[in-house]
Amino acid sequence: SHGETGLLLQPLLEGENYGAATEDGTQCPSVSRNSPAKRDWLVVAVLCFGNLINFMDWCIVPGILLDIQKYFGLSDEKTGLLQTVFTLCYMLAAPIFGYLGDRYNRKIILGAGIFFWSSVTLGTSFIPESHYRIFVLSRGLVGIGTASYSTIAPTIIADLFEEGRRTTVLSMFYIFIPLGSGCGYMLAAGMAKSTGDWHWALRVTPCLGGLALLLLILLVPHRIQRRTAAHRALSISGAIRGADEKPDVYSTAKTTWCQDVGSLAKNCSFVWSSLGLTAMAFITGALGMWVPVFLYRAQVVQGIVPPCLQDSCNLSNSLIFGGITIGTGILGVIVGAEAARRLRKINYKADPLICATSMFISALCLYTALMVAQTNILSTFIFIAFGELFLSVNWAVVTDILLYVVTPKRQSTAIALQILVSHLLGDAGSPYLIGVISNAIQARNAPSLQWSFWSMQYSFVICAFVGVFGGGFFLLTSFYIEEDRKEAER
């Protein structure tokens, strides 16, 4: 049973690392050795809190985008560039952190990343309106800091739990993507409204980042035993096939980064699921950046809210969208993980098929939301909520696909490459692309509030088509998944 396998795995996975002495003789932070499960969950709790802060920082700027756009006097194109620079820097840093995470102490890398991105975010809040380029640069630096976290934290969770429980724990970890994103929107809009100054929205998350860093130092062990191919075989079959390794000495050191990448490029399940994730990232990036602005323009056209020309902008859409992101994100991740757990027993291809189905439904919901926006805001919110719900179904499932079709010694590199590809072709460009198309449409027509809305509406249609392509990529994944899984087990 999974329970018995977990008991067998505990000494293999933990070795002497929890509470072990470091090289200088000092004692590493640890929890009582009599409760191995408790200390694992404590580590997960700290990593989840860090993920919450990570994604709050992602969405602080989109949450106050109307105010930022007015403060710096930006066109749609220049506004979209903010998130694009952030994501490009995040994406380019990810493979570097993946390489370091496979070879060096992961706790130190995580701690340095949290400190760096929190410090830069705090500094961003003091940039004057004449220095827009410095504001853009600072968002890029925050992206570099957050890349360290997203690349390395999931591999620690993968090393702490056997496969039966790993999907559940990863689901918990990934619930904090929508939770953090939604909290980012709501915190940004709430702070801007209560203080009358949007800069204060950028001064809260650095304080929370400091707390996350303190918890990481105190509660996460200095070394966590890396799971080997033998451990993975044990977790899947329930039979011991290999002995334990010494901490931080394992077979990844024998392969070069180029060899790892070459092996991953031949893994069809990894390639197609990464392209499916890219489509998800494209849609998520565009929605996350522009939906509050799109809804605001729709309400202006309908006469529900006045145009924000002088006073502080109405940020109620950011609050509502933040709430939708939290609710649909949590529900979607739970439903996705539970559906995968049940359907895997019936069909080995269940994971990619779940992802494909949810992508097709999400694309339909988002297209409908765009078409009804000018006449009915409530219907728009409802269809956006369903679109986000079906997108969220896939987050934990996609990561779990990677973790069982890629051999453990290449997982950090695989996650880093997946981040690189999904952001390079996905949400690195989508906010900017939407802004460019919107600007081009506005330039061809007389300036008006109506065309300001229509330009954003027409730009967003591309997201629905990308969603259909994403569903197709996940269908292709289902053709190869069984073979690649068996190869990873070997």
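Here, residue 1 is simply the first one shown, and the rest follow in order.
Note that Cβ sites are derived from N, Cα and C of the backbone, with glycine treated the same way.
Curation does not apply to TrEMBL; its annotations are automatic.
For 43-482, the entry in TrEMBL reads domain 'Major facilitator superfamily (MFS) profile'. Annotation source TrEMBL lists transmembrane segment at 41-65, 80-101, 108-128, 134-157, 169-188, 200-220, 270-291, 319-340, 352-372, 378-403, 415-438, 458-481.
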Fill in: For the transmembrane segment (80-101), sequence-distant contacts whose Cβ falls under 8 Å of one of its Cβ atoms, 6 or more beyond its ends
58, 61-62, 68, 109, 113, 135-137, 139-144, 146-148, 150-152, 155, 257, 285, 288-290, 412-417, 419-420, 423-424, 427-429, 431-436
Worksheet item: Taking a Cβ cut-off under 8 Å, which residues six or more beyond the ends of the transmembrane segment (319-340) line up next to it in the same chain?
Response: 59, 63, 167-168, 170-171, 174-175, 177-179, 181-186, 189-190, 288, 291-292, 295, 350-351, 354, 358, 381, 384-386, 388-397, 400
Discussion item. As a test of reading the model: what is the averaged pLDDT for the domain 'Major facilitator superfamily (MFS) profile' (43-482)?
Written reply: 85
Item to complete: Could you tell me whether the transmembrane segment (352-372) and the transmembrane segment (169-188) have 3+ CB pairs under 8 A, leaving out pairs under 6 positions apart?
Response: no
